[in-house]
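Taken from TrEMBL, the feature domain 'V-type proton ATPase subunit S1 luminal' covers 212-357. Residues annotated as transmembrane segment in TrEMBL: 371-392. Marked as domain 'V-type proton ATPase subunit S1/VOA1 transmembrane' by TrEMBL: 372-410.
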Amino acid sequence: ALHEGHVVSAQELTGLLQPVFSQNSRNLILFLQDTLSIEDFTYQSESCGNKNLFQNQVNKLSIHFLQEILQSSPSSLVLPAVDCEAISYLLSFLQELGVENLTNITNLDVSQLEVNTSKPNFMIVQLKPLASGSNEISTLEAIAENDKIIGRLTMDLQERGIHFSVIYTAVRPSRISRRTDVVGQLRRQLMATEEEDSLSYPPLNVTTGNFTCILFYASNFSLKANNSVLIDLTNATFITQNVDTSSSECSDINTTLSLKYTTPVNGISSLEIRFLMTNKFYGGSARNWSTLDSVEIVQDEEKFAKFNVSVISAPAEYSFHCQLVGTSNLYPARLIPSNNEAKNWDVFISRLQIQGFNIENNQFSYASDCMGFFTPGIWMGLVTSIILLWILTYGIHMITQLTTNSRFDDPKGPALSVPQTE
């Protein structure tokens, strides 16, 4: 029996996976996506009209199984989620069980995959990330493409006669429900707790000696080259940290965060991304401000793309945070192409937080958000309150203008005559 909001911990996940490795087949495939939740299976199923999704056998069995449970359940069905920290614990758990042959498949090419059936095998398949933002069509296309990848790999192994078990999960949930164990706390504290729990990995830090001079975090860090090649750098930057930051520079005035990747995707041998920040004193505010001036992309040490940055600044003692940063016109913080080469790139960064100056205790300082205090919701509340206040004031004014008769009829006397002038 599971209660509402139950989250499977790392210890519970160990108990669920233990029978998998007690069988004769100890080949495990982990399909890892950036975000995934139970609602993605039920909402994206054929019952919602999405007939092009989940066409492969593995996912069709999962959808069919979930739909049967939903129909046979006498009441509302509660399915557990998995703690984000349990996913990172999974690798160490497999190593404890003696799974030494770890294969990380990132290029999604399984034709050259070799499986030694005499030893336990563990394969991690990095699926394509879902499209950022609220574009439902792009999300459906990404899910359908990932389903084809799962079907292609599983069918290839079945044709070879290799027995295996499959785990389909993600680094983070796509939908975060309100926690039930902190309902009694203030809403502001609840939101802070939810945000802290959703961070499944620490930020990337650049150190000089024993001091941290740059902190960088993003829940999704992706690029798209020539509107066709999607490059997801989230895993390489924050989880496996397969990134070279040795070219980064730190000072009290200028700071450069340099991220170098080797063969991030097929067709690109090297990729470097630079974030150039400055710390200047502004007389109008009588204080120093940290500003992200530009972002540069260098492909294969030849193609150079430069972006100017708008609305990314914070007091020098603070960090900067923004929910969406990229080249889209809909994002509150934009990267504006500065040369022709930059027009060939699209940048998608969600939940960006960066700090290049005055870092204390190796932690982010108080974050200055890209959204101003007067958000659209606050403006709507103010306008509605003003209208209601005006209606109340007008009503009170009309009530005060009402007058009563100063003379009344006497039933025993003559009728009262009131001149029209009165």
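Cβ coordinates come from backbone N, Cα and C, glycine included.
The model shown is predicted, which means the values in this text are computed figures rather than measured ones.
A Cβ distance under 8 Å defines the sequence-distant neighbours of the transmembrane segment (371-392), meaning residues of its chain 6+ beyond its ends; these are 322-323, 332.
Counted with DSSP, the domain 'V-type proton ATPase subunit S1/VOA1 transmembrane' (372-410) comes out as 25 helix, 0 strand, 14 coil.
Averaged across the domain 'V-type proton ATPase subunit S1 luminal' (212-357), pLDDT in this predicted model comes to 90. Each residue in the domain 'V-type proton ATPase subunit S1 luminal' (212-357) gets a DSSP state, and the totals come to 10 helix, 92 strand, 44 coil.
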